Amino acid sequence: MAISDLLNRRVRALPEEDEEVYSGESASEAESNDEQIDESRSDDSSDESLEDHGGARSNGSELSDDDEADEDSNISEDSAADDDDESDASEADDMQASLSHISFGALAKAQASLGPHAKRKLKHSKASTAADAADDDDEKAAAAPSPLDDIRARIREAREQKRQGSAPSASKARDAEKPSRSSKHAPMVQSSKHAVSRKRTIIEPPAVLKSRDPRFDPAVRGQGGSRDGGINKAYAFLDEYRANELKELKEKFAKTKDLREKEDLKRAIRATTDRLRTTENRRREKEVLAEHKKREKQLILEGKKSNPYFLKKSELKKQVLVKKYESMGSRQRVKALERRQKKMTAKERKEMPMERRGFENDAAPFNNDGGGRKRRKLA
């Protein structure tokens, strides 16, 4: 019954972290099972030794009693054979009773444990002990591994396989858990392969005319890329519009009698006049620069100069002023010079200290602080 209980015992696998405890328990159980098996084997060996002693005694009695008849020897042999048969029958009954209590799972494990390795061992033992049949049977019985040993070996192999398989499985799980990117802030990897659209343009639609801005049109700007010159030429008509507008504003200012409207018209006339004057001054500066560059290039080509001379801002301003006065008439030039003289005089007077400013009335009131004279406001 001990063998059936051991075979019916089921093995329960524990988690990996409890393997050491489980292995210790299984080792203790295996030691207890080995002790039980050793005890059973010792009992069998004692029985066999007793039988051997009995046979020896019977043989001694036969050798000592030479006068006994052949019938007594036959009877003793028959009795010994009957004893052997009875012992074999009792052992077979015990084995049958124990096997009847073994579960199908234990039988399947025992059958699986008897693999080709065990069969090769049995064949080798049969071939080596073919001389003596009885001794051969005893040696086979002694050399054949017990089902419990095979089950223990099978369990050990399963544990080792489980330990070896758990490491790659854990690594695979870790690899599967790893994200596709190194970090969540890293850019995502996207395949460049995209499905081609099945739509095909058989007939091209007519081209739609797009609006063009003449300021950025290459036809207006010219091939040389001189943007300012092209724009000035393209929008030269605006200067004529501004001149006509100034003329209309002056006529309206002469006809109107409303003071508020006159103030508005006066402000508009001043703004338009300043805009036209600024445009004219810029145009005059460009002309002066163009003439100077042309003159310098000509001198370099003639060999009179090796390096060009670039005008300073003060010299450019003087040449622009000379050109302005040359383009005026005699009366306009006189009036312009008078206005400029007054302007320069006022500017110099402002820069002078109060004590040096010329006043007609020397008895003008001074400040209470004891400083210079007070500045008179012009009406």
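Quick reminder: no glycine exception, Cβ is built from N, Cα and C everywhere.
Summarising the annotation, Swiss-Prot assigns coiled coil to 242-300.
As annotated by Swiss-Prot, compositional bias 'Acidic residues' applies to 63-94.
Residues or ranges marked as compositional bias 'Basic residues' by Swiss-Prot: 117-126.
Per Swiss-Prot, compositional bias 'Basic and acidic residues' is recorded for 149-163 (among others). With DSSP classes pooled into helix, strand and coil, the tally for the compositional bias 'Basic and acidic residues' (149-163) is 15 helix, 0 strand, 0 coil.
Positions annotated as compositional bias 'Basic and acidic residues' by Swiss-Prot: 335-360 (among others).
Marked as region 'Disordered' by Swiss-Prot: 1-98 (among others).
Sequence annotations record features per position, and here Swiss-Prot assigns region 'Disordered' to 113-231 (among others).
Summarising the annotation, Swiss-Prot assigns region 'Disordered' to 329-379 (among others).
Mapped onto DSSP classes, the compositional bias 'Basic and acidic residues' (335-360) shows 20 helix, 0 strand, 6 coil. Mean predicted confidence for the coiled coil (242-300): the pLDDT average there is 91.
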